[in-house]
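A.B. asks: So TrEMBL has the following annotated:
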TRANSMEM  B:24-44  transmembrane segment
DOMAIN    B:25-241  domain 'MacB-like periplasmic core'
TRANSMEM  B:268-288  transmembrane segment
DOMAIN    B:272-397  domain 'ABC3 transporter permease C-terminal'
TRANSMEM  B:300-319  transmembrane segment
TRANSMEM  B:326-348  transmembrane segment
TRANSMEM  B:368-393  transmembrane segment
TRANSMEM  B:414-434  transmembrane segment
TRANSMEM  B:440-465  transmembrane segment
TRANSMEM  B:491-516  transmembrane segment
DOMAIN    B:494-689  domain 'MacB-like periplasmic core'
TRANSMEM  B:723-746  transmembrane segment
DOMAIN    B:727-842  domain 'ABC3 transporter permease C-terminal'
TRANSMEM  B:766-799  transmembrane segment
TRANSMEM  B:811-835  transmembrane segment
Amino acid sequence: MRRLVLLLLAPLLLAADFAPVKPGVPFRFPADHGAHPAFRTEWWYVTGWVQPKSGASAQAAGIQITFFRTRLPRAKPNRSRFATEQVIFAHAAIADPATGRLRHATRIARSGFGLAQARVGDMDVAVDDWRLWRGADGRLHGHVVVDGQRLDLAFTPRQPIILQGRAGYSQKGPNPSEASHYYSWPQLATSGTLAGKPVIGTAWLDREWSSTLLNPRAVGWDWLGINLDDGGALTLFRVRDTNGRALWAGGSHRDRAGKTQIFQPQDVDWQAAGWWKSPRSGARWPVRPIVRYRLGSQWQALEIKPLMPDQELDSRSGGGPLYWEGAVTVPGGRGYLELTGYSAPLRM
Amino acid sequence: MAALAPVATGWLLAGEWRAQPVRMAIAVLAIAVGVALGFAVHLVNSAALGSFGRAMASVQGRADLSVRAVAATGMDEALYPRLARLPGIAAASPVVEVPASWGELARPGAPAKTGGRFTLLGTDFLRAMQVTPGLIGVSAAGLSGVGTGNGWLEGRIWLSPALMAACRCRAGQNFRFTAAGRGHDPVVAGTLAASGQDARLAVIDIAEAQDRLGQFGRVQRIDLKLAEGADPAAITARIARALPADALVATPDGEASRADALSRAYRVNLGMLALVALLTGGFLVWSAQSLSVARRRPQFALLAVLGLSRRGLVGQLLVEGLVLGVAGAGLGLALGYGLADLAVTRLGGDLGGGYFNGAQARLAFPPLAAAGFAGLGLATALAGSLVPALAAARVPPALALKGLGDGIDPGRRPAAWPGLALIAAGTGLAMAPPVAGLPILAYAGMALLLAGGVALMPALARALLAPLARAGSRWLPLDLAIRRLWGAPQAASLALSGIVASTALMVAMAVMVASFRQSVDDWLVAVLPSDLYLHLEAAEAGGISPDAQARLMAVPGIAQVRMQRVMSIRLAPGQPAVALMAQGGHAAVPLLQRAGGPAPAGTTPVLISEPMAWLYGWQVGDRSTLAIAGRPRPVFVAGVWRDYARQFGAIILPLADYRRLTGDLTMTDAAFDLAPGAQPHAVQQALAAALPAAVRGQAQFGRPGEMRRIALQIFDRSFAVTYALEAIAILIGLIGVATSFSAQVLARMREFGMLRHIGVARGQVLAMLALEGAGLGLVGAAAGIALGLGLAIVLVMVVNPQSFHWTMDLALPWPLLAGLAAALIACAAGTAVLAGRRALGQGPLLAVRADW
């Protein structure tokens with residue numbers, strides 16, 4: 001879901017004057033937790049696993065909360081209070097094996113009137129009754145409503161932030177301009193309530209802001225973020241062309257001691273596998289991809305297992321794509337997998 | 001005999017139809033016309049209302065609930081986040097809604113020009129997507145309006161299919177329009193596919209609408225989507241508590257009832273006219289059946305002697321009535337549908353009433369309504385047959401067989417009390433208050449008055465002729481005619497019932513329309529005292545700016561200018577809007593009442609129109625409040641003025657007060673008094689040239705004489721249907737009188753034979769018949785006109801004020817009434833003579849022996 005709004009609004013943005021993504025820009029916190037309105041788009045992407053506080057891990061469910069800020073430039077000056085340039089879009093999904101499929105909801109609004117905004121200076125982004133913010137105690141808080149079920153969670157950081165790519169400059173394609181500013185915050189201790197019931201778990205925050213479109217030859221991408229049980233964190237992604245080959249790939253690995261390795265494209269090998277066919281859309285998804293990465297000089301293989309096969313999301317009625325985004329496990333870790341561009345190429 | 005009954009029935013029926021095809025056809029036609037008119041009016045109205053409703057629903061975008069600004073100037077946009085945060089509200093969509101126009105607008109009554117009006121909406125498409133998906137456009141390529149083309153729809157516009165067709169626009173072209181006094185020229189991005197064929201509607205981005213059209217900080221409407229499972233009533237109440245004075249909650253039901261209220265009085269009145277036509281049909285059936293029964297009395301007596309029971313006889317006559325009714329109703333439905341089709345294509349869905357601008361009506365065939373009107377026609381025919389059937393059954397067969405006992409006994413005085421009782425009851429009902437805002441009881445009263453008038457005819461005829469009969473005449477034909485009329489008033493009233501009913505109705509309508517027209521004409525003279533008028537169409541959201549006003553005032557040749565800012569405001573949900581007219585200078589309106597003293601300090605003096613006073617119960621000298629610029633302002637009712645232009649009320653307040661309260665300095669109308677010697681035409685051209693380019697297409701200049709002419713033209717057009725109904729009623733009445741009269745004359749063949757036998761010359765008999773006819777016509781015309789004047793007074797004094805909430809002065813169209821009376825007399829006398837010639841064609845001997 002992460003780049004959906006970018007896609008959704010992409011044709012509108014071609015001639016705009018956006019801040020460029022450049023390497024060597026130092027990160028400053030808490031300011032970089034907040035919005036970067038000069039860039040075309042950015043997102044606050046929280047994924048995680050939660051389970052009943054007093055229950056077994058077998059009852060674990062996946063949660064995903066994403067807020068997007070997208071800047072739609074205006075060609076002419078306009079004095080109306082409705083003439084903002086920013087759109088806030090939010091998406092949340094609950095992957096509960098008891099349901100067998102995702103429950104999800106969205107919110108979208110132009111910023112303004114106190115109904116939708118992304119704060120500059122620190123994390124506080126809201127649209128209607130949904131909000132994601134950083135409290136004075138340094139904890140992150142998320143509040144969303146999905147299918148009438150309130151989701152109130154607090155995320156307590158236990159580790160420092162990972163700057164992805166080159167000190168936070170993360171290339172997404174062969175062209176150096178195809179890049180984003182990207183940091184991740186893994187191993188967030190999670191507690192709160194889901195539909196009134198106390199839950200605990202572990203979550204992951206991804207933050208990216210960018211002004212650049214994907215490579216024109218890209219048809220989709222795959223992304224994986226895993227909180228390893230030993231306290232480590234693994235990020236992998238690739239951008240695919242029409243033949244299903246990687247146009248670009250990357251990611252990082254941080255072990256429990258805090259030693260971080262950034263992956264170059266040649267360090268990631270991602271093969272689509274474990275095809276599942278959606279009975280609703282007829283689309284086929286490689287929900288158990290075979291993924292390898294080179295840690296040091298050693299290739300590591302990952303066996304990915306989805307919480308359930310049906311974690312397909314259809315946003316086509318609202319102009320968005322059909323995609324798969326779901327909770328997955330690997331031996332010794334849990335996280336989220338995102339698959340896009342498998343039913344139809346994502347048009348840019 | 002039981003086995004014989006159906007045979008006899010068929011035989012009698014066939015015989016009667018063969019013998020009297022014209023009279024039966026007239027009776028069928030009378031029923032058919034009543035049914036047709038009623039059905040047609042119903043069809044046209046429901047088609048118009050349906051199309052108007054669909055158009056309204058399109059403009060509303062089918063939101064669960066809307067909060068609307070009471071005035072076109074809108075409400076503070078700060079209400080939008082407040083409503084959006086209310087519990088139970090799933091989403092709120094702010095909307096700028098302004099009247100707009102493209103091209104050059106035609107003035108009312110003039111042939112169409114290159115332009116037209118439409119409703120321009122400014123929406124936040126991300127919100128509209130959730131609340132009113134019907135207001136989201138689709139591009140020419142079939143893509144949703146969200147996420148295609150320019151993100152904020154800057155310089156883009158989406159048109160409804162109806163508007164697209166009307167302006168002959170295509171996607172990709174520029175569409176130049178004017179709204180709120182400003183011009184705008186966006187590119188057509190696509191259509192609002194979901195908005196249907198009924199509404200002329202366009203959508204642009206809300207920020208663009210506010211900025212380009214000067215609507216900063218204002219929205220006219222906030223559409224709401226309720227949370228699932230929320231209780232609409234509770235939420236409506238909660239919202240109503242949160243609203244400022246210049247906003248109100250509009251539910252879909254309320255909007256529908258508003259649309260309904262807009263034309264309800266007009267529709268109901270047309271429907272009532274149709275029912276009255278049906279009533280006339282009933283009288284004609286009665287008259288035809290009575291004559292037919294009288295003529296066939298020996299036949300019935302023979303059947304009775306052969307064993308047909310009285311009940312069987314009544315049944316026989318009722319079957320005849322039923323056949324008449326079925327034929328009439330069937331013909332009426334077909335005729336009605338054709339009529340409705342013609343009316344919709346020729347006059348438009350509102351039958352020229354002007355209530356539904358731009359809405360294209362589509363005709364349907366509603367089986368339930370069809371059955372209803374057919375049933376009414378049947379019931380009328382049966383009722384018309386029942387009375388003569390019962391009378392026939394009462395006559396002893398022995399008498400009837402001899403050709404005697406035709407029920408006319410000159411010695412017996414016809415009873416006046418049933419007619420008088422009906423008239424008394426009718427008068428009482430006519431003065432009753434309205435039911436559900438409609439003059440239902442007054443119409444019932446009119447029906448009773450009509451029935452009473454007809455029932456009173458025999459007694460009246462005798463009373464009128466009594467002095468003449470006592471005096472006698474030395475001229476034989478006159479003497480015979482008077483004695484016949486005096487002696488057989490029932491027969492006279494039979495011939496007259498139809499004509500009295502239709503004359504009365506025609507006179508009533510004619511007097512009402514004449515009174516209305518005269519009052520409107522007087523009113524037009526009073527409200528148009530200046531030399532030149534300027535009106536901006538579709539400029540409710542904002543008209544001519546102050547600097548443009550200054551340019552207009554600087555035009556040479558102008559002695560004085562009275563400026564006006566007109567807009568509509570909604571005072572109550574579910575009620576049509578009231579016109580708020582901020583007038584500069586001395587208000588030029590005909591005052592009906594005026595307050596004794598000046599307005600109390602701190603209040604704004606207002607003049608309210610008659611419908612306003614009626615609908616909202618405001619009275620001269622009252623203090624009330626009016627929501628202006630977001631706050632309730634105290635106002636003082638300084639006077640009530642007569643207004644025929646705005647049926648749902650109008651309020652005049654001083655322009656200076658309006659400007660002080662709202663800060664809105666624009667104007668939409670102006671009246672110019674010219675300096676002596678100035679040429680109106682030259683001044684008009686100079687004014688037109690001084691207008692801002694954006695509003696030139698909306699500007700309409702008028703001079704009083706021409707405006708008066710156009711207004712009266714519109715008046716006449718809106719009464720076109722009424723005139724048609726009148727003509728049909730009178731025509732049926734005349735045909736009725738001709739057929740029944742000739743039948744009666746033919747029935748008296750034996751009498752003429754006897755007269756000839758005792759030495760009365762043929763010419764004398766003919767003269768007698770002519771005099772009888774003229775006498776009947778005279779009595780009928782006198783009674784019809786008298787009754788009609790009574791009905792007219794009910795229409796003018798009760799029905800009109802109750803329906804349209806305005807009063808008028810009674811005016812009598814004497815030439816029309818005199819002409820009507822002359823036509824009636826001539827027709828009756830002429831028919832009598834023509835029939836008499838036929839009756840006298842045979843020799844007297846044969847006539848005496850005539851055995852029909």
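All residue numbers here begin at 1 and follow the chain in the order shown.
Placement of Cβ uses the backbone N, Cα and C atoms for every residue, glycine included.
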A.B. asks: Can you say which of B:24-44, B:300-319, B:368-393, B:811-835 has the most Cβ pairs under 8 Å with the transmembrane segment (B:268-288)?
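C.D. replies: Most contacts with the transmembrane segment (B:268-288): B:24-44.
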A.B. asks: Looking only at the domain 'ABC3 transporter permease C-terminal' (B:727-842), how are its residues distributed among DSSP helix, strand and coil?
C.D. replies: 99 helix, 0 strand, 17 coil
A.B. asks: Taking the transmembrane segment (B:326-348) as the reference, which of B:24-44, B:300-319, B:368-393, B:440-465 gives the largest number of Cβ pairs under 8 angstroms?
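C.D. replies: Highest pair count goes to B:24-44.
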A.B. asks: Sort the residues of the domain 'ABC3 transporter permease C-terminal' (B:272-397) into helix, strand and coil with DSSP and give the three counts.
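C.D. replies: The counts are 101 helix, 0 strand, 25 coil.
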A.B. asks: Quick test of the contact rule: Cβ under 8 Å, at least six residues beyond the ends. What residues does that give for the transmembrane segment (B:368-393)?
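C.D. replies: Hits for the transmembrane segment (B:368-393): 27, 31-32, 34-35, 38-39, 42-43, 46, 275, 278-279, 281-286, 288-290, 292-293, 297, 300, 310-311, 313-314, 316-318, 320-322, 324-326, 328-330, 332-333, 336, 407.
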A.B. asks: Summarise the model confidence on the domain 'ABC3 transporter permease C-terminal' (B:727-842) as a single mean pLDDT, whole number.
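C.D. replies: Taking every residue of the domain 'ABC3 transporter permease C-terminal' (B:727-842) together, the mean pLDDT is 82.
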